[in-house]
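Visitor: This is the structure, below, for whatever I ask next.
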């Protein structure tokens, strides 16, 4: 206990002589901290060191004559254009590069959140904390990516003996790996650090839930067609930029206490701008097979391909306008891609619900008295600061596709049938033949063939 007193004196976190008293003190802090005005309670919470300004020296010199407000505006603007250019580049490089970038972003976001936890409780020297955190990240990624490979590359997996074995026992292997990490955590428990070790165990798992599962959904969306990846992400980026612009120039009315710089003017301006942007971007992209076709693996060429006959979702159709709009525009019909209608739902979610991901991140940062998750991107903060809204958007897109878009996939059914034994295939063939004959379709098909 003497050791804990010495360590507690060196850190912002005050530790009482006994664990029971510490619990009472923490409960008191939580009750008092319910009020935003109680700054004294908040000031005693854990803090993360504020990172130094890492704005490139060239920009500092070029913008030295500007006020801090306008300097930040130019820094954010220049680096936003740079990030958008990089986004266009990875789109050009194809879906595989996009998947690798998603994985890299996931790892960096995980590292930023875990580093905050490590910085807050660094003085306690928790045994194996960082090692176990990265081990659990490896386990979860092995599970999710293994499921993806088995689902989307079924024919490739069945063709290669090692992959077939790994696929067959994939979930058991994943569970065994996680169980190993769980046992390592239990063995690392130290009496004087119990509570903090369980805090950080929960910290790691919540981080995995927020970061890894959402990035897995992003990759699933990408396999449905690059348009389901690009349009949602672009809508979030557009909303972020336009809300900032409208708020910067016209913002007067605060939107939410968690993020004092957010304004109603920026929120509303971002909403309408994003909806218009989503409709226009969807119209441009729906005409390209490269963007609308699902990403599939070609067994003949042993490579990924993005080529198909576009579905009705990406074929122009005529829509009748309501009488009010017809009298206003003078048009009775408009020619649109059905996906453009869906893009209204995507852009609306990106503008209305997407910012709540940012508000959640703002609350998290305020809890630990930090401005940004990291200082990776000058003027923007860390990678997590740029993707806090994207993860919420990824979940919505995945649910939206499953609920309103995705139907039975004949190619996957055929792949699974070909993996069966011959007697099983014949049994299914006879059952299907009897069903079609009973429905009256098979004779008609035979007559057409004759």
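For all residues, glycine too, the Cβ spot is worked out from N, Cα and C.
TrEMBL labels come from automatic prediction, so no person has curated them.
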Visitor: If you check TrEMBL, which stretch out of 73-105, 304-336, 370-402 is marked transmembrane segment?
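Guide: Matching range for transmembrane segment: 73-105.
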Visitor: Which range is it, out of 172-190, 419-437, that shows up in TrEMBL as transmembrane segment?
Guide: 172-190
Visitor: Mind checking which residues of the chain, 6+ beyond the ends of the transmembrane segment (126-145), have their Cβ under 8 Å from one of its Cβ atoms?
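Guide: Residues 103, 106-107, 110, 114, 118, 170-171, 173-174, 177-178, 181, 184-185, 188, 190, 193, 196-197, 200, 204-205, 207-208, 212-213, 216 contact the transmembrane segment (126-145) from elsewhere in the chain.
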Visitor: May I ask whether the transmembrane segment (73-105) has at least three C-beta pairs under 8 Å with the transmembrane segment (197-219), counting pairs 6 or more apart in sequence?
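Guide: Stretch pair touches.
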